[in-house]
Amino acid sequence: MEPATTLPPGPRPALPLGGPGPLGEFLPPPECPVFEPSWEEFADPFAFIHKIRPIAEQTGICKVRPPPDWQPPFACDVDKLHFTPRIQRLNELEAQTRVKLNFLDQIAKYWELQGSTLKIPHVERKILDLFQLNKLVAEEGGFAVVCKDRKWTKIATKMGFAPGKAVGSHIRGHYERILNPYNLFLSGDSLRCLQKPNLTSDTKDKEYKPHDIPQRQSVQPAETCPPARRAKRMRAEAMNIKIEPEEATEARTHNLRRRMGCTTPKWENEKEMKSTIKQEPTEKKDCELESEKEKPKSRAKKTATAVDLYVCLLCGSGNDEDRLLLCDGCDDSYHTFCLVPPLHDVPKGDWRCPKCLAQECNKPQEAFGFEQAARDYTLRTFGEMADAFKSDYFNMPVHMVPTELVEKEFWRLVSTIEEDVTVEYGADIASKEFGSGFPVRDGKIKISPEEEEYLDSGWNLNNMPVMEQSVLAHITADICGMKLPWLYVGMCFSSFCWHIEDHWSYSINYLHWGEPKTWYGVPGYAAEQLENVMKKLAPELFVSQPDLLHQLVTIMNPNTLMTHEVPVYRTNQCAGEFVITFPRAYHSGFNQGFNFAEAVNFCTVDWLPLGRQCVEHYRLLHRYCVFSHDEMICKMASKADVLDVVVASTVQKDMAIMIEDEKALRETVRKLGVIDSERMDFELLPDDERQCIKCKTTCFMSAISCSCKPGLLVCLHHVKELCSCPPYKYNLRYRYTLDDLYPMMNALKLRAESYNEWALNVNEALEAKINKKKSLVSFKALIEESEMKKFPDNDLLRHLRLVTQDAEKCASVAQQLLNGKRQTRYRSGGGKSQNQLTVNELRQFVTQLYALPCVLSQTPLLKDLLNRVEDFQQQSQKLLSEEMPSAAELQELLDVSFEFDVELPQLTEMRIRLEQARWLEEVQQACLDSSSLSLDDMRRLIDLGVGLAPYSAVEKAMARLQELLTVSEHWDDKAKSLLRARPRHSLSSLATAVKEMEEIPAYLPNGTVLKDSVQRARDWVQDVDALQAGGRVPVLETLIELVARGRSIPVHLNSLPRLEMLVAEVHAWKECAAKTFLPENSTYSLLEVLCPRCDIGLLGLKRKQRKLKEPLPSGKKRSTKLESLSDLERALMESKETAAAMATLGEARLREMEALQSLRFANEEKLLSPVQDLEMKVCLCQKTPATPMIQCELCRDAFHTSCVAAPSISQSSRIWLCPHCRRSEKPPLEKILPLLASLQRIRVRLPEGDALRYMIERTVNWQHRAQQLLSSGNLKLVQDQVGSGLLSSRWPASAGQASATDKVSQPPGTTSFSLPDDWDNRTSYLHSPFSTGQSCLPLHGLSPEVNELLMEAQLLQVSLPEIQELYQTLLTKPSSVQQADRSSPVRSSSEKNDCLRGKRDAINSPERKLKRRPEREGLPSERWDRVKHMRTPQKKKIKLSHPKDMDSFKLERERSYDLVRNAETHSLPSDTSYSEQEDSEDEDAICPAVSCLQPEGDEVDWVQCDGSCNQWFHQVCVGVSPEMAEKEDYICVRCTGKDAPSRK
């Protein structure tokens, strides 16, 4: 249940209204509370009223709307209900209007008795307000003072007339003519010259009844006034009132009020009535309405005797008979000029002398009251009349008239004297006689079963007064209006005046149906204030009627009351709604139209103190009581055992007061001397027979009587008012003795004792101070006690429950606040959680906890929480006041706030400031480490900053960051364009740009790349400069790395094109070298061919495993160095000097020679073994031997002719090498020397170049050794051994098989030189069942030197003539050898041997060679330049036709030696000089072949030994053709046999 209008408790001050609104409009007061109870609340009306009483008492009235489904049937018989309504003249209801009308009645009566007609004048087209004029003149001091002080203009202004129009003089004339005589009469000036009049004489004039005059004035309206608001009374003539308009206007005869059927007032004398009714003149030319057209009474024409009888009572003279007036009341005579004031003319009507006038006017007026209508109505006929009146009055259907319009019109009508509206009101119709509108049991209207619930409903007004909770139920008498409902049938404007209920009881009114009823209410605390205001504003009414407000006949405008600070509230009661008035609350109102209402009184337990107070108030006003309050209390006390404990407790308290008052009064009476007393059952007497004759109080407890006045009683308060007898003659009548009363009170006390104790405990708990408050558990215990002892569900218990429930809710909320944690730091959506309290609410909640009647354990904890929250607010406010707070401090405060489940308004700003602080700190940190401040970081920070709330520091940082980003993007884009520029920018320009970019405190990706590029370029230039300045020949890998680096640097490098050209030349040289040495589709690389072999004896297994990076077979251990070609290549690349590279290659040669020698002897022994080994594996296929087979000259292994390409018969004289040993084309030396010269010209070191130099040196060395061998005599023994046939093959070939080989073409393994002609005619090889098809020189018959020399001859990848010469020498007859010896130059054997021996020792000595190679590295630069610019001599073909031309041959050989020596000694220091012996050796260098042919001429071709000696040989001397010298390696005989013994 919630009231539609809620008001704060306590007195509500009146609105500061200054009266009615503009133009006199009515301003409605504020609305009273409107309650809409739920079904649960509506079930108990008294409990609900108790619940709303604190609110509704403050307004005096309230409205209750039942639940929508609560619709009781209307139980009245509409056709049988009939009543006689009251007549209500609206302008007689309002107090101030009635005072004005009474004044006009007196003025009219005065002039009527003076024989004149009252004429109300018009001033400024307005009717002159005589009442206001008379009052203002009196306030200013009277007529004489106003005239003396000339205040008429001031009075005219106060009356609302415009100044400056001489209105004051007009008003003065009207006052002097109409009001001044009346005031002189009232002051007694007209009677001062007379003796005291005899007022006891009877008069024949009829007593004047003011309220019998229905019309005080007949108004001639102005032309501008609407006719609907101007009317004439039916009996205006009877009042003899004329209106004197200031301007002639047409008399309007339209009278709206005639339709009302107003009854004619009842006159006591019909004859007088007939003689006094005059007809209104209808002539328009006469502006005055004459009430008297008879001739004036004339005294002048009487007889002489009669004239002598009439003399002036004032002057005693009978003169001036024509001025002598005769009183129509007492027949006294007065001169017109002797009267005060004097009369200028003889009145035309009946005239009364001052004495009779005073006697007539001093008669007391009758009390005002309503008249009963002459007609009896039923509901139907009354409704027809009421609807017709409202419809005609407002000229529209009744249901379309707004309630506001009716309300304003009502208050206008009650305040005007110009219009009289009469309505009728069917009020106070007894429901006992005609039946209630609610259904009752045994009623005349049958009720359906579904409507039977309304029979026993507490809201049925027949049940409410007699319910158990109502104390009126203990009154046995049926009091109409209080215990029995009254019915009210209203029409438009019918009203009920200001009043309070009898005994200040409650009242409840239910509007069954019809149009609304408008109510006005004043709270009970302002009742006396209202009474005082009405007495102040209309004191004349209270002179004759002190209890005027109890008569329900007076109303006053609510605006007037509110102007005097009386609180007034209103409401419109619609059909089906209740209006409840509270004790001593004045209320009034009117009906909006035809309706039917029912009302009754009721009294609750809380009313009992007010009821006793009301009786005391009635005693002071001498107002009778409706029932005896003490009688009701005693009746309730006599039933103490069945009373409700709450009622018993309240009655016990009231009874205690009653006993104390009775005890004191009886003691006072005893002291007065009253002795006799007797018991009397007052309840058996009618109420009018036991009233105090003084104060009208109904006596019950006691009374005083006297034998002198039997039947009369006085209460103990008015003992002295009974009679004049002495008190000892009085008799005290009492109902109970004091001893009877105490047991009755004790019975109530016993009944209520347990409850009282409980209630006392409850009250103490509810009203306890802070330090004495009880716990919530104690409150729950009190509730449990009430339930256990079945105490009634009254206000106290409900209040206790409500307080306990509130405390429990508070405890629950407090616990939630104490336990509550914020679930997230930042909420969605934003805003406030619906369950969170603000800090102010928390503060109020803590205050509420301390204001609770009980103590909660959470209160101090919550107070501490509040203190912490307030501390948090202070700290946050302090922190937020700083220009730039720390993010850590903000976060710390926010972390603290997570403990508070409270809405903190600072959190939003703190989160905003935290984001700002974090952002600023991130910006600051990023700016401090400018090297990591990237463009993306700046953009991200700017994007984050854009999303932040506006703040000065943020905006400044944003501006700086945006400026930095703009500059950074500009320079980054510029750096990007510089990097992508074509052609590329120079290093200096880019360095300048980098220097400028370094001043930007940010990380620029392209700028960093540019800076890195500039640094790389500087490093590159530095490396290039260091390479050029070092004096060393650059290594190819270094050049390639420099070129690759230079190409990757986006900077224009001046040296890069030169290096690229140099690298290109090197690659071109390598391609040329590869074409020279490698056959097509060769599986060997150039480096493999040029370097000593590393895969000897493994049949390529090592190489394959090296390519697959797989481990060697088990049992094989990997060598630490030079194990493979990659090791050798790596060693060459790592060598910094040429001498180191030569040493590495020399070591590789020694390993090669040792491995190959071992392999040769192993294969030879395998093939020459006398026992045939079935497990012997030969050939590439590693299978057993099978004819025909061919033997490799170098590795000495046998190969199936089906597995390899065997040489044909025509090629059988040539040396055959297997696929493993045949590695290159073995070009002649003349084709290799240009490669070396071009390499020296290029001045770049590369592994292939080092290998080529070593190969040439090895070739020359081998040539030298071979020539020494050929020139020595040691070769003859070897020749004899080979020629004697000591060496034979194990598998000689048959003739047939040999011939079969003729069809085989020459394989690529055959050498280019030819053996002697008888080589293939030897028969020693043809008797074996197996034949190799190609025989080799035997190994066992050769010396190690020869064997090594032959072996190295095949290892050399150069074709040399010494190889052919050596083989020819070994395989030819001795005669051929001798012939060859003869054809050689003349040289002693000792000299040749010495020379050859010396050279052989120098070449073949590894220690000496390794010692000399580092010395050769220091070759001075001038020699390098000489070698570089030296043109390589063109190879000349050998001219065998000039064998004697030794000079040319020696010159060509010397040139070859110079090239080799220059390459070997380019690293020698500049101060190193050759010895004379070495110089002479270079100058006298000859072909070291044993059988040198000493060719002469410019076209002598040389070939260098590829072995370890590196000696140069004539191609023709060693049997190497130019093609072989170009495609194949050449190893001299000495190198072939030298290393064999050392590797065994």
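Including glycine, each Cβ sits where the backbone N, Cα and C put it.
If you look up Swiss-Prot, you'll see 1-22 (among others) marked as region 'Disordered'.
What Swiss-Prot records for 1-14 is compositional bias 'Pro residues'.
Annotated domain 'JmjN' per Swiss-Prot: 32-73, in sequence order.
Among the features that Swiss-Prot reports, domain 'ARID' is placed at 97-187.
Here Swiss-Prot flags 200-228 (among others) as region 'Disordered'.
Taken from Swiss-Prot, the feature compositional bias 'Basic and acidic residues' applies to 202-214 (among others).
Under the heading region 'Disordered', Swiss-Prot lists 269-297 (among others).
Per Swiss-Prot, the feature zinc finger maps to 309-359 (among others); the stated evidence is sequence analysis.
Looking at the domain 'JmjC' (453-619) alone, the prediction's average pLDDT is 88. The feature domain 'JmjC' is assigned by Swiss-Prot to 453-619, with sequence analysis given as support.
Under DSSP, Glu501 (Fe cation binding site) is assigned to coil, being neither helix nor strand in the three-state scheme. What Swiss-Prot records for His499, Glu501, His587 is Fe cation binding site.
Among the features that Swiss-Prot reports, zinc finger is placed at 692-744 (among others). According to DSSP, the zinc finger (692-744) comprises 16 helix, 12 strand, 25 coil.
The annotation N6-acetyllysine is assigned in Swiss-Prot to Lys832.
For 1176-1224 (among others), the entry in Swiss-Prot reads zinc finger.
Annotation comment: Swiss-Prot describes 1297-1318 (among others) as region 'Disordered'.
As annotated by Swiss-Prot, region 'Disordered' applies to 1374-1447 (among others).
According to Swiss-Prot, the compositional bias 'Basic and acidic residues' annotation covers 1389-1427 (among others).
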Fill in the blank from the handout: Counting only residues outside His499, Glu501, His587 in the same chain, those with C-beta within 8 angstroms of the Fe cation site's C-beta centroid are Trp498, Ile500, Ser507, Thr581, Ala585, Tyr586, Ser588
Problem - DSSP-derived helix, strand and coil totals, residue by residue, for the domain 'ARID' (97-187) - result: 62 helix, 8 strand, 21 coil
Completion exercise
Most Cβ neighbours within 10 Å, among the binding-site residues His499, His587, goes to His587
Handout entry: Summary of DSSP states over the zinc finger (309-359), given as helix, strand and coil counts
Key = 10 helix, 7 strand, 34 coil
